[in-house]
Amino acid sequence: MINQLLIIGCGNMGGAMLAGWLAAGIDSLRFAILDPALPEAPEGVVLYREATEAAAANAHDAVMLGFKPQQLRDLAPGLQGLAGEDVTVCSLLAGITRAQLASAFPQAKGHVRVMPNLAARVNRSPVILCESGLEDAGRADLFALYDALGTAIWLEEESRFDLVTALAGSGPGFVYRFIDALAGAAVELGLDRDVAEELALVTVDGASALASAADIGPGELADRVASPGGMTREGLNVLDEDAALRRLLTATLRATAEKGAELSKGA
Ligand SMILES: NC(=O)C1=CN([C@@H]2O[C@H](COP(=O)(O)OP(=O)(O)OC[C@H]3O[C@@H](n4cnc5c(N)ncnc54)[C@H](O)[C@@H]3O)[C@@H](O)[C@H]2O)C=CC1
Ligand SMILES: O=C(O)[C@@H]1CCC=N1
């Protein structure tokens, strides 16, 4: 078991994960935060402002980097005292590879790329894990911890990590744009904004829940919505013409994944 995870940088993403772990009933003593700017920590979670304070406490056996990828180069030297040979270094840093983590924290026991999304706050996040240097027991402990936030999966092929980041880490951003656009389109065609927004949200929520429970894929489900000779097919035809939606999303994921490589180069 991981006794204490020190979250270094607990902003939007780290904060969502911490909230998810606490909501899952995990003891607050198993977490600590190092963040110079976070206004306050959740009840029962110790908050350090300086790396030296966290090093003096020496209570953690894993750290999770939750600051920006662009900060790694500047911050890593001052964090060495927190990443000794008994400590596993987990990282949320988009684009930063295991090799870069190993070079930034050479003494650590293992190095793990972790890619969740903001739904960790409600324990509904995918969490993609890609590690080096861990033994079986360490892998199992990490998996159990991250699985409490939703659905953890191991990715062995690190070359795909930026792509899964685009799909599963950035994905909520794209879904929120879709929900907004769906509601906005209905407003443009005459519906009141509050009705449109509520209907768009409930529709996406219900459709997603049904797709999760169904024993057929979303493509076939879409066809079931389209009654023969009915209304839905006309709308699907718009989305499908020249694979318009598919092409838009391919370009979206490509641009997102390519930024990962850029962040890595800059680090
Ligand atoms: N926002 C998201 O949905 C996702 C973000 N990520 C990753 O999570 C990381 C953080 O992103 P966000 O939470 O969105 O950013 P954020 O700006 O909300 O959080 C960054 C946190 O780092 C803290 N920080 C800054 N300097 C620090 C220092 N010297 N020592 C310790 N903490 C420091 C800030 O005070 C802040 O609380 C990034 O590496 C990003 O790639 C990964 C998956 C999804
Ligand atoms: O935008 C970003 O770089 C991070 C990584 C995935 C989601 N947010």
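Backbone N, Cα and C define each Cβ position, glycine as well.
Noted in TrEMBL for the protein shown:
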DOMAIN    7-89  domain 'Pyrroline-5-carboxylate reductase catalytic N-terminal'
BINDING   ILE8, GLY9, CYS10, GLY11, ASN12, MET13  NADP(+) binding site
DOMAIN    158-263  domain 'Pyrroline-5-carboxylate reductase dimerisation'
Per-state residue totals over the domain 'Pyrroline-5-carboxylate reductase catalytic N-terminal' (7-89) - DSSP helix, strand, coil: 36 helix, 15 strand, 32 coil
Mean of pLDDT values spanning the domain 'Pyrroline-5-carboxylate reductase dimerisation' (158-263): 98
Sparsest Cβ surroundings (other CB atoms within 10 Å) among the binding-site residues ILE8, CYS10, MET13: MET13
Among GLY9, GLY11, the most crowded of the binding-site residues [Cβ within 10 Å]: GLY9
Additional residues surrounding NADP(+), by Cβ distance to the ILE8, GLY9, CYS10, GLY11, ASN12, MET13 centre under 8 Å: ILE7, GLY14, GLY15, ASP35, LEU38, GLY66, PHE67, LEU92
For the domain 'Pyrroline-5-carboxylate reductase dimerisation' (158-263), residues assigned helix / strand / coil by DSSP: 91 helix, 0 strand, 15 coil
